[in-house]
Amino acid sequence: MTTERPRPLVAGNWKMNGTRAATETFSAILEGYDAGLRSKVDLLVCPPATLIYLFAVAAVGTPVKVGGQDCHAATHGAHTGDISAAMLADVGASYVIVGHSERRTDHGETDEMVKAKARAAITAGLTPIVCVGETREERDAGRALAVVGAQLAGSMPEEAARAPVVVAYEPVWAIGTGLTPTVVDVAEMHGFIRQSLVDRFGAAGRNMRLLYGGSVKPGNARELLGVAEVDGALVGGASLVAEDFLAIARAYMA
Ligand SMILES: O=C(CO)[C@H](O)COP(=O)(O)O
């Protein structure tokens, strides 16, 4: 069994931001991802679906990956407005975020639905990034570990034992608020998530990347990314500015 740490991944979730003009930002990310950074950390950008193809074409010949922000659990059919995992793969995506708290809240996505989406992603050859995280009320009630444990149990597909899957811990109260948990709380949660994954998936659970997300900025990246069992970041707002996104990745250049 290998005890080597997974290679870090810094992923940007652009959410519903960006038109074709944002290709300029993406190009700046591609240009700034120099040999030093490449040797230390993987980069992924998940733009709105309308930009995936454009970005994937721009990224050809570079190691930067492009991903989707959601997918439907079905391969095709009468699902107006939805996009399947195979469609994302077809336009050049290699990852897809599933179960983001904004999807869970805005679209009523349950753990069961998230699991089905993650499974569909794996079947299409994508790496799903399964998001989990507690609300402020749940943390204040001392239920953070229980809530995240239940989300993990319900959202992670059995296929994670043999296919690459990334887990992102994103405390809901830290998303877009500028608030972050203490490093002690992040360490406790990531240690708990790691143990849960090892208990369920064995060696695959030990090697899975665990990202932290929620108000990651250039100013706090080094501290947050230095926590044990944090294998990278899922970055929202700061990923919309090339220099900030790259500065977060440079936390690994220490
Ligand atoms: O999705 C997120 C990062 O990808 C998450 O919602 C955090 O957003 P941020 O607080 O704006 O970084």
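Heads up, the Cβ atoms here are built off N, Cα and C, so glycines get one too.
Curation plays no part in TrEMBL annotations; they are all automatic predictions.
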| note | Listed by TrEMBL with Asn13, Trp14, Lys15, Ser215, Gly236, Gly237 as binding substrate, from among Gly36, Gly176, Gly191, is Gly176
| Expressed to the nearest Å, what is the distance separating Trp14 (substrate binding site) and Glu170 (active site, proton acceptor) at their Cα atoms? | 15
| request: Could you tell me which of these recorded positions, Lys15, His100, has the greatest number of Cβ atoms within 10 Å of its own Cβ? | output: His100
| query | Roughly how many Å separate the Cα of Gly176 (substrate binding site) from that of Glu170 (active site, proton acceptor), to the nearest whole number? | reply | 11
